[in-house]
Every structure is written in structure tokens, then in C-alpha cells.
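Per TrEMBL, the features are as follows:
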DISULFID  Cys150-Cys173  disulfide bond
TRANSMEM  18-39  transmembrane segment
TRANSMEM  59-77  transmembrane segment
TRANSMEM  89-111  transmembrane segment
TRANSMEM  212-236  transmembrane segment
Amino acid sequence: AASTMETKPVITCLKTLLIVYSFVFWITGAILLAVGVWGKLMLGPYISLIADNSTNAPYVLIGTGTVIIVFGLFGCFATCRGSPWMLKLYAMFLSLVFLAELVAGISGFVFRHEIKGTFRRTYTDAVLNYNADDEASRAVDNLQHKLRCCGVYNYTSWSKSVYYPSNGIPASCCFNSSDCNPEDLRNATLAPSKVFHQGCFELVTSFMETNMAIIAGVTFGIAFSQLIGMLLACCLSRIITANQYEMV
């Protein structure tokens, strides 16, 4: 009877922790889902610049988010039921998520130079073939306007584009849209005084570099939290199995 007195509070404590954990896990799923949907809607036009072919990243996020939401609920249910096999299944799922996150984090870190190379290539192509009309051109305009940058390395990148001979530098490079007419942009001596001098490639990649540590930290932090969930689920499953006769 003495052991029963000791294990009951332990089981209750573990259950509480695991339910809180599962709820937080569920929230991360919801956040991933939201980011995926937002990425699909907001970043749609930019994705063509970053990746050669249309990327599945938003769908991956949406899928992962949905799976995590389902399993977060399953975790809560398994904990409330106190079912050892359900808890083991939950721990197994968490370990899979943990491995997937490690792989994603490490590959992102390893391939960051390739990502930069691809971006340089696709962005240079988009600038050279810019016609102010198609999707890639609109993405270039959006990027230049929002990030306040011009060209790949700077505004001189535009001189090699097919658009330049007849139209000059695109208007999305102007830092003051009201004081920027097409004649000025065609004028090689006047144009430099009207446009952003910062190149977009440098801006985007330096942003990636500075935030790499933060992104890596967050990824590993989330991955580490999965380990905590696994331990909690395994411990609870063990204790319940050992005290099967006095189910709470």
C-alpha cells in the first residue's frame, strides 16, 4: 500500500506534465500549419526566384503541421487514458519528429551555400530576362520595392538585361516613386541618383547569414523539446505498466 501512496502522485505529476507538453506540441503544429498557409499565399510570387522549380516547402509545412496537430491530440488522449501502448506509440512518433528535425536542421546548414548559389542564379536570370510583365518580373519588382534594393549586386546589374536598352532601370528600384520618371531611368547619368544602391543578392544572403544562428537555435530547441516529450511518455508508460493493478 505504501508504494501505491508514492506512485499515485508521480503518475499524476507525469500525466500533468505530458498533457501540458502535448498541448504546447499541438500549438507548434498549429503554428507550422499557419506558416505553411501564409507561405503559400504570401510568398507564392517570390518562391519562383529562390527555387528553380516551384517548391513544395509550404505544402511540407502544412502537412507537418496537420500531422503534429493530430498527434498532439493523440498525446493528450493517450495521457488521459493512461494507456501504455498508446504512450509508447506517442513516444515513437516524437522520436521520428525529432530525427526529421535534426535532418532538416543539419541539411539546411550544410546546403546553405547551394541555396545561396541557386538564389544568385535564379535572381540573375530573372533580372536579365525581366520584361515587367511575367510572374518572375513581378517578383523582382516586389522584392526590390519591399527590400529597398536594386539589381543583383547593385543597379549596374540592370545594364545587361533585355529590358534596359529600351526602358532603362525598372521603376521598382526608385527610392522615391513620385520623383522617378521613365526618362530619368533611361538616362545613365541621372538614374544612379534616383535608385537604391544596395544589391538585392547581398541583402537577402546577409539576412540569411545573420539569422542562420537563430534559425538553427530554434530548430535544435524544438528538436530538444521532442526528447523531453519522449522521456515523459516513456516514463509514464513504464510506471503505469509496473503498477497496472491500480490504474488511476
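Cβ coordinates come from backbone N, Cα and C, glycine included.
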Tertiary contacts of the transmembrane segment (59-77) (same chain, 6+ residues out, Cβ under 8 Å): 18-19, 21-23, 25-37, 39-40, 86, 89-90, 93, 97, 229, 233
Long-range neighbours of the transmembrane segment (212-236), counting only residues six or more past its ends (CB under 8 A): 11, 14-15, 17-18, 21-22, 24-25, 28, 75, 78-79, 82, 87-88, 90-91, 94-95, 97-98, 101-102, 104-105, 108-109, 112
Residue among disulfide-bonded residues Cys150, Cys173 with least C-beta crowding, 10 angstrom cut-off: Cys173
